[in-house]
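Undergrad: A single structure is presented below for examination.
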Amino acid sequence: MARILVLYYSSYGHIAQMADAVAEGVIGAGHECDIRHVPETAPAEVVAAAGFQPMKHDCIEGPDALADYDGIVVGTPTRYGRMTSQMASFWDQTGGLWMRGALIGKVGAAFTSTAAQHGGQETTLFSVITNLLHMGCTIVGLDYGFTEQNGVDVVRGGAPYGATTIANNDGSRQPSEVDLNGARYLGRRVAETAAKLSG
Ligand SMILES: Cc1cc2nc3c(=O)[nH]c(=O)nc-3n(C[C@H](O)[C@H](O)[C@H](O)COP(=O)(O)O)c2cc1C
């Protein structure tokens, strides 16, 4: 059985919903999963002015906790085409893990959300994947076995590089069943791959 961490940041709840769906995929495949968010680093006045919502899961204890897992699925909203500073700040504190090679051989994957359909999802996914590759993780994407990522009949999240959702400029669009299914599929594939590699 693989042990998977879903590590995320979310200002308005879209990525938190996707994190739950990733965990559903992991657990549904018979594996263990914890969901943790990274600390909020924005000043309280910015959090209040922008209407950020509290994140509903527990906060990760610190970077060393990453070493306890066989796979790490990282979720972050898009900020100007890349990951949030909150998520980047967390990874900028993992130098000790990098020095010890503590994440080498673990499975890594990414999920994100944007306001706009073409607002930088793939570049954000790659900003996460870049960090994971530097740590020595083996990357799992959202392969085309997840057929629901194809089609232009409705707004669809999902890319070969990770699971995604689209929130709209005012945040009014919630993750659709297609988007959540992509997150579930990614969670299952990460867990199955981690079980094979760690076994
Ligand atoms: C400072 C800032 C920068 C943003 N940059 C982008 C962007 O480059 N492209 C985009 O489509 N949305 C952008 N957004 C919108 C967020 O990606 C959107 O609010 C987020 O995906 C919602 O996820 P959440 O509910 O988990 O916070 C930005 C939002 C903020 C506050």
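In case you wondered, yes, glycine gets a Cβ from its N, Cα and C as well.
These came from TrEMBL, pasted as-is:
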| type | residues | note |
| --- | --- | --- |
| BINDING | Ser10, Ser11, Tyr12, Gly13, His14, Ile15, Thr78, Arg79, Tyr80, His134 | FMN binding site |
| BINDING | Tyr12 | NAD(+) binding site |
| BINDING | Trp98 | substrate binding site |
| DOMAIN | 4-190 | domain 'Flavodoxin-like' |
Undergrad: Which has the fewest other CB atoms in a 10 Å radius around its CB: Tyr12, Tyr80, Trp98, the listed binding-site residues?
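TA: Result for the binding-site residues Tyr12, Tyr80, Trp98: minimum number of other Cβ atoms within 10 Å at Tyr80.
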Undergrad: Near the residue listed as 'substrate binding site', meaning Cα within 10 Å, which of Ser10, Tyr12, His14, Thr78, Tyr80 (binding-site residues)?
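TA: Checking each Cα against the residue listed as 'substrate binding site', there are no hits.
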Undergrad: Checking the binding-site residues Ser10, Tyr12, Thr78, Trp98: which ones have Cβ within under 6 Å of ligand 1?
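TA: Near the molecule: Ser10, Tyr12, Thr78.
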